[in-house]
Amino acid sequence: WTFVKELFSSLGIECNILELDQVDDGANVQEVLSEITNQRTVPNIFVNKVHMGGCDRTFQAHQSGLLQKLLQEDSAYDYDLIVIGGGSGGLACAQEAAILGKKVMVLDFVVPSPQGTSWGLGGTCVNVGCVPKKLMHQAALLGQALSDARKFGWEYHQQVKHNWETMTEAIQNHIGSLNWGYRLSLREKAVAYVNAYGEFVEHHKIKATNRKGQETYYTAAKFVLATGYCKRKLLVGASYVALECAGFLAGIGLDVTVMVRSILLRGFDQEMAEKVGSYMEQHGVKFLRKFIPVGSPGKLKVVAKSTEGPETIEEIYNTVLLAIGRDSCTRKIGLEKIGVRINERSGKIPVNDMEQTNVPYVYAVGDILEGKLELTPVAIQAGKLLARRLFAGRLEKCDYVNIPTTVFTPLEYGCCGLSEERAIEVHKKENLEVYHTLFWPLEWTVAGRDNNTCYAKIICNKSDNYRVIGFHVLGPNAGEITQGFAAAMKCGLTKQLLDDTVGIHPTCGEVFTTLEITKSSGLDITQKGC
């Protein structure tokens, strides 16, 4: 502490010192400081409301020039930027702005569920989305690999079973390490992080309420909304979340039923969606089609009504998971007080191509944007580019076209670009050529698994040099395959370029370099070998 005082003195800076052991409510102040900064040691140093850390971090900031920048701040507002929401998009935007020398705060608060469930910094993807989902998907794949292993000569005689508690503990530990990593990264970049619920009270001013109900007010020149969604849980629904959950639960040996109101994977290519569902049914997942739940008179007795007539059914289940959609977290953050428009039905926020709302100093990124894909990498990209436009004079906008994604069902489905339905709607069927084939991964042959189940399809625009406008693959490691072809589509991939590409043998991805059969030809696409 003495060294820090000497440093500020040498810089001609006056500092206020609060000795916590000499004030009446020192213990309470220490508790609040620990909650805000996650630092329990002293000295705990703030410069113009930005948390620096201890002695070592303050000297590091001095050496890097960051300390001098913060000391020179004399703004009409507390911060250059306040980000509401500590998910992927919000953190990316906040950290990029801080790298560009701006004074930044992140507010993040997860309202606990009725059961008290909450989670740490990082948002939906890290805590209850992509990360745990993919790890549980991997657990299911390992179970399939155990079955395949016998065909490849592995001999084991003990009964192999899955331990749910072991898996969930390991996954939660990994997520905890990610939460800590995000907090550390914010601290290293001198981003103020407050675990509190942010709500606008007037223009350029928000109220932050922590878990104890204590309120603090902050102002900023600009705000970014990155609040994402409030998740609702329960397995009713046919979204990618519902099917992924059904897939990995069945994969670890549970009896799983999916209740579907209408179609599978709304918004995705429906031919691919039906193939996903068919594979899941063949591997033990039961589907109740054209039914919706209408009540639960018993503890876990589910009553469902047909969407096509008066028929009702009822079944007893040990667990029910609702995967019927999410609500945008935009209605209780005071947007009406400053005039930010939202879609009243969906809660989503309309923005222009610069992610700017109708209130000029308020921006939004991530899942709360109207008409944009709800994907973590999209939010990260948009957040970074937004910070660069706001604070570095850059012009690049987030490109929301040809964004790849993968549904991690037991048989993975990767896609980029347009579905076949959307392509017909945009370009007309007569201007399209669809090339497709079934294929049999080499790894599946010895294991005796499902010939002519995996499927590849590209949709080409004949009037634009047969440019690939839709890429679809159903098979193992579909995400890895799709990522590479997505880069090619960004570069203007055409059917001729695919034909000119030498495939890597034997891989699943090489099938796209040898596509010959068109849908319009009606020729058989079944395969006799790998």
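Placement of Cβ uses the backbone N, Cα and C atoms for every residue, glycine included.
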Do you know which of C93, C125 TrEMBL records in a disulfide with C130?
C125
Out of C125, C130, L243, the listed recorded positions, fewest other Cβ atoms within 10 Å surround the Cβ of C130
Would you mind sorting out which of C125, C130, G237, G325 (the recorded positions) have a C-alpha within 10 A of the one on G198 (FAD binding site)?
none
On the Cα atoms of G237, A238, S239, Y240, V241, A242, L243, E244, G325, which are listed as binding NAD(+), what is the maximum pairwise distance in Å?
14
Per the record, FAD is bound by K134, G198, D367: how many Å separate the farthest pair of Cα atoms?
31
Entry from the recorded positions list K134, H505 having the most other CB atoms no farther than 10 A
K134
Note the mean pLDDT of the domain 'FAD/NAD(P)-binding' (233-383), expressed as a whole number.
88
